[in-house]
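Colleague: Starting off with a structure, shown below.
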Amino acid sequence: MQRSPISLLTASRLTFHYPPQTYFCAAVKMPSRVLFSSLRRSALNCLCPGVGGMILLTLHEDFISVSVFWINDFSFSFQINTNGFVATKEPESELTYLGKMPPKFGMIAALQGDLHTSDGVGKVFFREDSSPDILRRAAEHINRAFPEDDEINPTHAVVVTWVDVTTHGLESRGDSGIKKRNTFQLVIASLETTSYAIVLYPRDGIKFSSMLVGDTNVIMHAGFSKGLVRGFFSSIKGPYYRTTTDDEQSVRALAEETNSGLRGVWVYEIGTSPFFSNAPPQEDVDAYEESSAARRPLYPDRPVVAYPPYLQEQTEVHPVQFQPQNPEVVEVDDPIINVDVFSYNLGSCANNRNKCSKFGECRDYANGYCCHCISGFYGNGIQCVAEGKPQRVNGKVHGRVFVGRSPSPVEFANIDLHSYIVANEGRAYVAISDLPETVGPSLEPLVSISGVIGWAFALEHPGFKNGFSIIGGEFTRQAEVTFMPGNEKLNIRQEFKGIDEHDHLIVSTNLEGRVAEVPLGSTIKLDPYSEIYQYNNNLITSSSTRDYVVTLQDGSRETRRYQWRETISFNGCYHSETLRDMKPTQMLSVDHIFAIYDPAQRLIRFALTSKIGDINGQPEQNPCLTGRHGCDTNAVCKVGEGATFTCQCAAGFSGDGRACYDNDECREDPQRCGPNAICNNQPGTFRCECEEGYQFGSDQRTCIKVDRPVDHCEAGTHTCSPHAQCSYAGGSSYVCTCLQGFTGDGRSCQDIDECQQSRCHSDAVCYNTEGSFTCQCRPGYSGDGFQCLPGRPKTRCEVHRENVLGVSGPRGPQPPIGAYIPTCDNNGQYEPMQCHGSTGHCWCVDQNGQEISGTRTGPGSRPMCIDHNTGLPPVGPRPRPDVDALTPGTHLLFAQSGRIEHVPLGGYDMKKNDAKPVLHLPEKVIIGVAYDCVEKMVYWTEITSPSISKANIEGGEPTSVISSGLESPEGIAIDHLGRTMFWTDSAKDHIEVASLDGSNRRVLINTDLVNPRAIIADPSNGNLYWADWNRKAPKIETSYMDGSNRRVLVRDNLGLPNGLTYDPHSSQLCWADAGTQKMECMDPGRGSRSTVLERIQYPFGMTAFGKNIYYTDWRRDAVIAVDRYASRESDEFQPQKRTRLYGIATAYAQCPAGQNYCSGNNGGCSHLCLATPNGRSCKCPDNAAQVGCVEREY
């Protein structure tokens, strides 16, 4: 055994204290027997004498031993194991403890499992550190976790880091086949009488939480175990404290929760010598539960921070190799894992420059590096935004709030928060949508829900900084509001998650507790207020008392009050001057406050102006500080002498400061993103995206080719027969299997002639088709072709005719004089035109023989009647269609949150290499897409600023069609014949129609709708179809295009019918259901329903073209093609931008054939012409009184 001295550890009594119940003292080497004690504090005895000695490094196969020798031959050893734990003695074979916890030996498990570092990637490092900076940071963690104790100042620390460790098996592999890896740290900090364990997990989470041990899946383990305790007669297992459970979520929660006030950081006191004296062994451990509970760290729900890379001067743990006499320092560089012991950034810019913003620069310091924003930008260097540029904040709000004395909470989840900040005025506008009126008014006084946004982007007095300038956009804000005098308490937690790809700050808000009630219809007045913020290393605090006036509906007024306390925690860079020079106190002044709840729109709005400055106040004569400067909203106001100032356009804009215009950086320098990258211009900036087949490298800037196994089935590069199914078999291999109705080896498939197998009835004719066959009874027989009987049942028309004709006489049938005798065709169906033989009148009938209103003509004139009898198809297996070649130029249009893309179609195949964006709308969230084949216009709905817009796909700027009176427009459909559009609004719960220019708006359906989304028009037949994904009662409905004849088509066996499409050629209405995970079709006229595909994932939009249905999927981030006749997926396209895909539509090179009664001259209508199956309705817009309109029906 090779040993080498490292340094001195002076903890005289190294004992372990296990909260909340268990404690143990280290084994001590003595001439007599060894005693362990882990019972009541008052009754514990630890044989740990003296101070002195040194740490020794010992190398065995899978562990390192850090030993402390005392002057009387007593020793205690740490065994640092690559399996993610530290042991109190050399462990036996890993088979004795993997999946068999607790172990027989003492263990501190940071994240224990069957881990290894033998692949050369994973490593284990440790070092002993007594530097003042590290000990100070250790003290901060400990004192934060135990605020009621006297201040703790450790004298030594041992740091162990497991870096990129993985498992031996495949359990840690991701979908890409790349092994997942975990990184975590354990710090043991000691002073003369006490030791503490500090365990740290990375902010990007635990990558895997289980592994196979033998044939059993075992959850990873974190916690503390004393091991075997020696009693009077035998040894028993000592106390065991586990911080995780057998649920994988509890392991993942280690990086997401805390017991110390900082996310991913866990602090435990593991030994305190005064607690151990004269303890008899094997005493009942439950007896000291109450006293041990006092050692639990407080603040279990304190805010979140995260920790980047590693400290210097550490020794690497290598399994099965010789340890040199003088171990050298090992540098760790990993740009992906963001873990650190106590420091924000340690290392150098040489290996960490990519962690800074593209508008930031990296600077080296004596103890590490920091990021700083370049001139013209502000932030913490990791996240930088342009000075003067307006800022947007988006996020979701969740809540469980009791109002007044109500015993039941008001719950809401995933509702939207949107904010717009005019940065050069310090003015913030915030809106929270879909708030129930039972809670909305009572939240009006809480303008400080948005106050933190005001603080982050407040106007800065010279020498002072707003929140974003100091800490950037990643921080956690917690606030407690106490309403007086009722003592109602509300907790507010807001997680600010940084700037997204659209330069929007993302926030998640959670409200929990009780608020004082404000009756609906009351108004709130809030006076200007000031708030003092106190700044520390990584914590900002403030508190205040605020008054507000409630004016009730009867005119009476009440002055109320609440107390406000908040903490903001963040992860700062301590090396730079930014935090060192940070003023310990600053005052936030807030005025021009506005708060109102709109019950009609279920929307609460806040507005406020915020300024940050000296706590003693400062004069505000300069227009830059009053907001009365007249600079462009994309300009920064620069304070001059006295009342002088200048306006300067923000970075990315040009102009004189009074008027600023966006610079198109991509046009100025098309190659600025480098090879294999795409440059997308955005207001004030640009964004680089890698081309398909490439991804960003470790520097997050260079696009490198993706080298991974090829799924030839998905890529369409397989050699299977067109009549075979390709099945991916892992790696780059696949299997070809002939489809039903074909035979062969999969690469060559021949049609089976089922007619040679006598599959039909003897009185039926068999017709062989490619991959299938049909059976049809011979003339004079009826049946399904598999069973045929002589004759056939009489049709409705034939029965009708016989009833009129009555009993036949000697000269044949003798009908009553002057009676109408129906005419039947060769199949026994009603002829579409019927005439009265006596009067000469003729009229049109439907397939049931009912007269169609408005079609009767006088003698000598005959109407033009549409044949409704398409004939029944042959019964039997569904045949494969004989498809004609498609017109060149047809393609698919689909929406992502900030763009519309297209994929050309070659036949039915997606030409994926030619796919590209059609339109960039980075500020928008586009939901529905529809196409007008006449004017070659794409129409879309978007919900950020609810509107409907259009653009010509052959070039041109987007044009707003409707921008008012919308709340959440989603599905949209175009009647290219009648020149109208239809859309659903899921917030207003109605369906509306308008002319294509946005005029003549009319609500068609506004009852019995809950969540309408997809909508489809069938102009040729005058029908409208839509889906309502109401989770309690989902349904698919139809009506005529004028809103009449509304009825439910499908209500059974539905879950979340998101997508809807109609194929006029086959008369099939198809839908995709994200709840049942099925794609189904039906004939709306006959009610027949069939399943096309099962086990789809999360479909959203869909469209039909020929034999294929194309749908977008939220989980796969892809457009998927489905051959509905073969009932299988045939292709998939994943856009380069991997985000959710929404609506999809087919853009035809030529309009489909067809006409309706509104096709010419607007059907003779003055305003809206809406087709029906048998005619049309002339309808008026909802403002008919203003436009002088008369409604008629034809």
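Even glycines carry a Cβ here, placed using N, Cα and C.
Sharing the features that TrEMBL gives for it:
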{"type": "DISULFID", "residues": "Cys835-Cys842", "note": "disulfide bond"}
{"type": "DOMAIN", "residues": "110-273", "note": "domain 'NIDO'"}
{"type": "DOMAIN", "residues": "389-622", "note": "domain 'Nidogen G2 beta-barrel'"}
{"type": "DOMAIN", "residues": "620-661", "note": "domain 'EGF-like'"}
{"type": "DOMAIN", "residues": "662-704", "note": "domain 'EGF-like'"}
{"type": "DOMAIN", "residues": "709-750", "note": "domain 'EGF-like'"}
{"type": "DOMAIN", "residues": "751-787", "note": "domain 'EGF-like'"}
{"type": "DOMAIN", "residues": "794-865", "note": "domain 'Thyroglobulin type-1'"}
{"type": "REPEAT", "residues": "936-978", "note": "repeat 'LDL-receptor class B'"}
{"type": "REPEAT", "residues": "979-1021", "note": "repeat 'LDL-receptor class B'"}
{"type": "REPEAT", "residues": "1022-1066", "note": "repeat 'LDL-receptor class B'"}
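Buried or exposed, and what's around them? Tell me for each listed feature.
Modeller: The Cβ of Cys835 (disulfide bond) has 17 neighbouring Cβ atoms from other residues within 10 Å, across all protein chains displayed.
Beyond the ends of the domain 'EGF-like' (620-661), by six or more residues, the same chain brings 359, 376-377, 386-390, 422-427, 459, 461-462, 609, 611, 683-685 to within a C-beta distance below 8 angstroms of the stretch.
For the domain 'EGF-like' (662-704), same-chain residues at least 6 beyond its ends with a Cβ under 8 Å from one of its own Cβ atoms are 335-336, 353-354, 358, 386, 389, 501-503, 634, 650-654, 912-913, 920, 922-923, 1135-1137.
Taking DSSP states H, G and I as helix and E and B as strand, the domain 'EGF-like' (709-750) has 4 helix, 15 strand, 23 coil.
When DSSP labels each residue, the domain 'EGF-like' (751-787) comes out as 4 helix, 16 strand, 17 coil, counted as helix, strand and coil in that order.
Assigned with DSSP, the residues of the repeat 'LDL-receptor class B' (936-978) fall into helix, strand and coil as follows: 0 helix, 23 strand, 20 coil.
Counting residues 6+ beyond its ends, the repeat 'LDL-receptor class B' (979-1021) has Cβ neighbours under 8 Å at 433-434, 601, 928, 930, 932, 934-935, 937, 939, 941, 948, 950, 961-962, 965-973, 1027-1033, 1039, 1041-1043, 1046, 1057-1062, 1064, 1069, 1071, 1101-1102, 1154-1156, 1158, 1162, 1167-1171, 1173, 1179-1183 in the same chain.
Here the repeat 'LDL-receptor class B' (1022-1066) has, by DSSP, the following mix of helix, strand and coil residues: 0 helix, 23 strand, 22 coil.
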Colleague: List, by number or range, the same-chain residues at least 6 past the repeat 'LDL-receptor class B' (1022-1066) whose CB is under 8 A from its CB atoms?
Modeller: 971, 973, 975, 978, 980, 982, 984, 991, 993, 1004-1005, 1009-1016, 1072-1077, 1082, 1084, 1087, 1089, 1099-1104, 1109, 1111-1112, 1152, 1154, 1156-1157, 1170-1177, 1179, 1193
Colleague: To what whole number does the mean pLDDT across the domain 'EGF-like' (662-704) round?
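Modeller: Averaging the confidence scores along the domain 'EGF-like' (662-704) gives 82.
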Colleague: Give the residue counts of the domain 'Thyroglobulin type-1' (794-865) per reduced DSSP state, in the order helix, strand, coil.
Modeller: 10 helix, 15 strand, 47 coil
Colleague: Give the residue counts of the domain 'EGF-like' (620-661) per reduced DSSP state, in the order helix, strand, coil.
Modeller: 4 helix, 15 strand, 23 coil
Colleague: Tally every other Cβ atom lying within 10 Å of the Cβ atom of Cys842 (disulfide bond).
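Modeller: Its Cβ shell of radius 10 Å holds 19 other Cβ atoms.
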